[in-house]
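Chemist: So TrEMBL has the following annotated:
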TRANSMEM  12-30  transmembrane segment
TRANSMEM  42-67  transmembrane segment
TRANSMEM  117-139  transmembrane segment
TRANSMEM  159-181  transmembrane segment
DOMAIN    166-251  domain 'DUF6534'
TRANSMEM  202-221  transmembrane segment
TRANSMEM  227-247  transmembrane segment
REGION    264-312  region 'Disordered'
COMPBIAS  282-299  compositional bias 'Polar residues'
REGION    342-389  region 'Disordered'
Amino acid sequence: MPTVVEANIGPFYLGTLFQLFLFGIHWQQVFDYYRLFPQDRLFIKAAVAAVFVVGLAHTACSIYTVWFYAIEGYGQPSFIADCVWSFALDPLQTSIVAGIVQLHYAWRVYLVSKRSVYLPALISLLTVLQFALGVYLSVMALQVAPWPQLHRKLDWAVGAWLFILAAADVIITAGLSYFLAQVRSDFKQTNSIVGSIIRLTIANNALTAVTAVISGILFVADKASAWHVFFGLVVIRFYSISFLSSLKLRKTVAGDIARQRKPANDYVSPLPPASPGPTVQRPGSSSHGFSEIKNNSLLAPSPTRPGFFRTRSLDSFRSGKTAPRFSGSESIPIEIRIESEVVEEKSTDSWDPTRFYRNPSPPQPQAPAERFPTTPPFVTVAEPIEQRT
């Protein structure tokens, strides 16, 4: 059976340790928020700063509570019998953070519900009630120090405060899930994004609701120990993390949309097939057309820069200029006699494949060549002497 110290100081110690761990996560979230969303409105940035400052004060008060009970009150049971002032401020600090977060979610519900005011108004009403009860509890705890008197006077208020917190969180979760589910469509990408938002909303708000309910039940049912303190100390951290997670969700959704659109941007349509047509052959070339070469898979691959020295030939250039030109997808290379010598070029010399693999234009009609007599016009043919007379 646990001793009085274990049952009353142990929950404060464990709750403070776990809260410090969650505070590190909250600190990182705040840093990421101001880095990723510098364009947000001023009141949103102020809300983030307010949640962080109140949470920091709550952590300091929790540390002092452990110090008071475990260090200053070491060996003195009378210290355990009273509620220290630092813990008496816990309901006020929690109600401030929970109020900011719940009003933020009420605004989200107002937007996704196509600006319907009924459900956001109910959430706002519950937020005001829990804030009023939190202020009342802190004031009474500062005035009435002994724990037995606090239980007699404040059991109903603590239970109502924590259950109102949980009710507001449940309504927020149900409302956001319902209205977001209406956005589902026939597009798989849209449904995937909406589903991820719903899952994150349920996880964030369900965690705060369950923690508040457990803390309220333990406070009312178990008056001999302080295990309700463990959940009461960490619920404020769950609200802070939920708030920052909802703000950073915009970046997550934007990243999901970008990843889903990336394959469409990188898609390259295939080249259209070559149109059928007659095979154009160069006079004097092989009788096999391009279609036969294509069917026999004898096409050469795309030109790539060779690993040996490139040749430079005037004969090849001359033959390329004087040879008939062909075009189209079924033109084939011609065989050219090359008399060349090896020329070593600099490494910075660029290699242009079109310089050697040209796609010439179609042959132009040419006028028939004029035929000249084999005998020059100034040469006369001598007639026989017999015919002169």
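Heads up, the Cβ atoms here are built off N, Cα and C, so glycines get one too.
What TrEMBL says about a protein is an automatic prediction, not a curated fact.
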Chemist: Restricting to the domain 'DUF6534' (166-251), what is the model's mean pLDDT?
Modeler: 86
Chemist: Grab the same-chain neighbours of the transmembrane segment (12-30) for me: Cβ-Cβ under 8 Å, and only residues 6 or more beyond its ends, written as numbers and ranges.
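Modeler: Tertiary neighbours of the transmembrane segment (12-30) are 48, 52, 55-56, 58-59, 62-63, 65-66, 69-70, 87, 226, 229-234, 236-238, 240-241, 244-245, 248.
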Chemist: For the transmembrane segment (227-247), find every same-chain residue at least 6 residues outside the stretch whose CB is under 8 Å from a CB in it, and list them.
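Modeler: The answer is 7, 11-12, 14-16, 18-19, 22-23, 25-26, 29-30, 33, 37, 40, 44, 47-48, 51-52, 54-55, 58, 62, 87, 90, 93-94, 97-98, 100-101, 104-105, 108, 165, 200-201, 204-205, 207-208, 211-212, 214-216, 218-219.
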Chemist: Within the same chain, where does the transmembrane segment (42-67) have neighbours whose Cβ lies under 8 angstroms from its own Cβ atoms, ignoring anything closer than 6 residues to its ends? I mean 6 or more beyond.
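Modeler: Long-range Cβ neighbours of the transmembrane segment (42-67): 9, 12-13, 15-16, 19-20, 23, 26-27, 30, 33-34, 84, 86-87, 89-90, 93-94, 96-97, 100-101, 104, 233, 236-237, 239-240, 243-244, 247.
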Chemist: State the non-local partners of the transmembrane segment (117-139) in its own chain: residues 6+ outside its ends, Cβ under 8 Å from one of its Cβ atoms.
Modeler: 88-92, 94-96, 98-99, 102-103, 105-107, 109-110, 154, 157-158, 160-161, 164-165, 167-168, 171-172, 175
Chemist: What are the DSSP helix/strand/coil residue counts across the domain 'DUF6534' (166-251)?
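Modeler: When I sort the residues of the domain 'DUF6534' (166-251) into the three classes, I find 75 helix, 0 strand, 11 coil.
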